[in-house]
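Trainee: Mind having a look at this structure? Questions to follow.
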Amino acid sequence: MASNYYFVTIAILALASTVLLVHASDPSPLQDFCVAVNDAVDGVFVNGKFCKDPKMAKAEDFFFSGFLTPGNTSNPVGSYVTPVNVMQIPGLNTLGISMVRVDYAPYGQNPPHTHPRATEILVVLEGTLYVGFVTSNPENRLFTKVLYPGEAFVFPVGLIHFQFNTGNTNAVAIAALSSQNPGVITIANAVFGSDPKISDDVLTKAFQVDKNVVDYLQAQFWWPNN
């Protein structure tokens with residue numbers, strides 16, 4: 001009898017420890033940063049949105065129409081991203097998921113970028129895409145694959161990844177992301193199109209190039225396709 005009591009006690013303690021561990025971490029951030037304030041009067045609600053009274057919810061809060069409409073790929077990178085996140089579907093708030101449609105012109109690309117708050121899984125609907133991602137330091141290992149219609153590829157959270165249309169016809173892909181607000185950091189835009197500009201001294205040493213190269217890149221218009 002005492003032995004049974006011992007095992008039951010151990011099981012209860014293990015379950016309690018598991019519950020405590022589950023609730024011991026902070027929720028994942030849903031914005032780039034949150035500066036703390038001491039007075040709530042000076043603050044704003046973050047990490048989501050204010051919630052509507054459930055009794056006031058309607059079907060339109062969970063609905064989006066437009067995924068069948070092609071995006072305009074007549075831009076320098078030859079691609080266009082149609083997002084469907086909490087900004088387009090309010091009902092996604094707190095659900096931790098979103099989607100995008102990506103249209104690619106012939107030989108267009110979705111330039112190297114990261115999603116700081118989400119893993120992405122992409123499936124090709126039309127065309128052929130060369131896709132890939134790079135692992136973190138120090139290996140910086142490149143994983144690539146050529147995808148055809150019906151094939152999917154995963155880009156782990158936070159890692160730099162890209163898609164390139166290798167064909168002479170349009171391509172279309174749909175992707176799901178594990179955040180209602182995954183965020184996007186397009187590498188070239190962030191490094192060479194920042195406002196204000198990053199110091200030449202920093203970039204020339206970081207990229208081991210001449211100052212004229214940095215100045216040229218910073219003078220370009222970095223298309224915000226995302």
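Cβ coordinates come from backbone N, Cα and C, glycine included.
Per TrEMBL, the feature signal peptide maps to 1-24. Under the heading disulfide bond, TrEMBL lists C34-C51. As annotated by TrEMBL, domain 'Cupin type-1' applies to 65-215. Taken from TrEMBL, the feature oxalate binding site applies to N110, H115, E120. Under the heading Mn(2+) binding site, TrEMBL lists H113, H115, E120, H161.
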Trainee: Could you check which of the recorded positions C34, C51, E120 is the closest Cα neighbour of H113 (Mn(2+) binding site)?
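Mentor: Closest candidate to H113 (Mn(2+) binding site), judged by Cα separation, is E120.
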Trainee: Are any of C34, C51, H161 (the recorded positions) within 10 Å of N110 (oxalate binding site) when you go C-alpha to C-alpha, and if so which?
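Mentor: Of C34, C51, H161, within range: H161.
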Trainee: Cα-Cα separation of C34 (disulfide bond) and H115 (oxalate binding site), in Å?
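Mentor: Rounded to the nearest whole number, the Cα-Cα distance is 18 Å.
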Trainee: At a 10 Å cut-off from the C-beta of N110 (oxalate binding site), count the other C-beta atoms across all protein chains.
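Mentor: There are 28 of them.
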Trainee: Taking the recorded oxalate site as N110, H115, E120, identify the other residues of that chain whose CB atom sits within 8 Å of the mean position of the site's CB atoms, giving them in sequence order.
Mentor: V100, H113, T114, A118, L122, F155, H161, A175, L177, P182, V184, N226
Trainee: Give me the Cα-Cα distance between C51 (disulfide bond) and H115 (oxalate binding site), rounded to a whole Å.
Mentor: 25
Trainee: Hey, how far is H115 (oxalate binding site) from H161 (Mn(2+) binding site), Cα to Cα, in Å?
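Mentor: That separation, Cα to Cα, works out to 9 Å.
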Trainee: Same chain only, sequence gap of 6 or more: which residues have a CB within under 8 Å of the CB of E120 (oxalate binding site)?
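Mentor: In sequence order, V154, F155, H161, A175, A176, L177, S178, P182 meet the Cβ cut-off.
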Trainee: Quick one: give me the count of other CB atoms within 10 A of the CB of C34 (disulfide bond).
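Mentor: Taking all protein chains shown, C34 (disulfide bond) has 12 Cβ neighbours within 10 Å.
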Trainee: To test your reading of the Mn(2+) site: which residues beyond H113, H115, E120, H161, same chain only, put their Cβ within 8 Å of the Cβ centroid of those residues?
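Mentor: My list of surrounding residues reads T114, A118, F133, F155, L159, I160, P182, V184.
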